[in-house]
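S.K.: This is the structure, below, for whatever I ask next.
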Amino acid sequence: MALISADNPWVFISGLLGNISSLVVFLAPLPTFIRVCKKKSTEGFQSIPYVVSLFSAMLWIYYAYVKTGAFLLITINSFGCVIETLYIALYITYASKEARIFTLRILLLLDFGVFCAILLITHFLAKGSNRVQLLGWISVVFATSVFAAPLSIIRQVIRTESVEFMPFYLSIMLTLSAIMWLLYGIFLKDLYIAIPNVLGFIFGMLQMVLHAVYRKHKTVSEDVKLPEHCVDVTNVSTVTDSHNHRVRETVSSSEPPQVHDHRMIGMTCKSQNYQSDQREEIMDSPNPNPNLLGTCEA
């Protein structure tokens, strides 16, 4: 099998650049799994993206094998199968029991059950060019779902107004990878390779636009305080911190306030008059108890 076509060398060039950029994208989750191994915990994130990526890589290998002439599509997706399998194995190792069972179920259902069903259907129900077309459209559907996965990250960026969880270099590599594979599909005259990468290019450009808009905004990991509510009760300030959900009490200064509230003065006078009436009742009683007498300052 010739790697470089004498008729169109751009097929090899675009495919090679697509392999390089896709390699970086496949390795992007590696720091996350290094942290998982150190902490021995998956920290609650989902395994579905890795299971779907593994399935998509398997499907593209099968498509390239049936179509012939798309060797560079086999090379990068073979690496993708290896790295995604490693990610899934690490996830199953350190995930909770419920997450581990769910991952194994979806892995068996999608990567084994559905893939075997596609193999049988395309082998027995389609022949020749019809097999390539059927398999091509199936690959387009699942590849589109993989490219649509960043929609959740895009929604989070817009909601938090922070690009903390969307590294700029990864957005560039996603866009570059989509462009290279789009050109590869065009030069190879393969519609099924080109279509999903048009969508990938759109999502990549959208991420870069969001970086330009929100790059100067604060990250969501910073301790941003919400407005505090202070209630002055007998010279004690109760401050409620809504972010940390705790209450701190701080005793105010002993200096008398400079500004007086007329309503508070009225309430103070009523209280003093009530205490004065109590003192008179106690003194008029047959056996007055001095301990019951309080003090009242004018």
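Note: Cβ is positioned from N, Cα and C throughout, glycine not excepted.
TrEMBL entries are annotated by machine, without manual review.
According to TrEMBL:
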- 12-36: transmembrane segment (TRANSMEM)
- 48-65: transmembrane segment (TRANSMEM)
- 71-94: transmembrane segment (TRANSMEM)
- 106-126: transmembrane segment (TRANSMEM)
- 132-154: transmembrane segment (TRANSMEM)
- 166-187: transmembrane segment (TRANSMEM)
- 193-214: transmembrane segment (TRANSMEM)
S.K.: Any residues 6+ beyond the ends of the transmembrane segment (193-214) with a Cβ under 8 Å from its own?
M.R.: 70, 73, 139-140, 143-144, 146-148, 150-151, 153-154, 157-158, 161-163, 166, 168, 171-172, 174-179, 181-182, 184-186
S.K.: What same-chain residues lie close to the transmembrane segment (71-94): Cβ under 8 Å, and 6 or more beyond its ends?
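M.R.: Here the qualifying positions are 1, 3, 12, 15-16, 18-19, 22-23, 26-27, 29, 33, 36-37, 40-42, 47, 50-51, 53-54, 57-58, 60-61, 63-65, 100, 103-104, 107, 184, 193.
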S.K.: So, taking each listed stretch (12-36, 48-65, 106-126, 166-187) in turn and counting its Cβ pairs to the transmembrane segment (132-154) that are under 8 angstroms, which one gives the highest count?
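M.R.: The stretch with the most close Cβ contacts to the transmembrane segment (132-154) is 48-65.
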S.K.: Of the listed stretches (12-36, 48-65, 106-126), which one yields the highest count of Cβ-Cβ distances below 8 Å with the transmembrane segment (166-187)?
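M.R.: It is 12-36, which has the most Cβ pairs under 8 Å.
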S.K.: Six or more residues beyond either end and a Cβ under 8 Å away: which residues meet both conditions relative to the transmembrane segment (106-126)?
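M.R.: Counting only partners 6 or more residues beyond its ends, the transmembrane segment (106-126) has Cβ contacts under 8 Å with 47-48, 51-52, 54-55, 58-59, 62, 66, 88, 133-135, 138.
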S.K.: Under an 8 Å Cβ to Cβ limit, what residues of the same chain, 6 or more beyond the ends of the transmembrane segment (48-65), are close to it?
M.R.: 29, 71, 73-74, 77-78, 80-81, 84-85, 87-88, 91, 103, 106-107, 110-111, 114-115, 118-119, 132, 135-136, 138-139, 142-143, 145-146, 149, 192
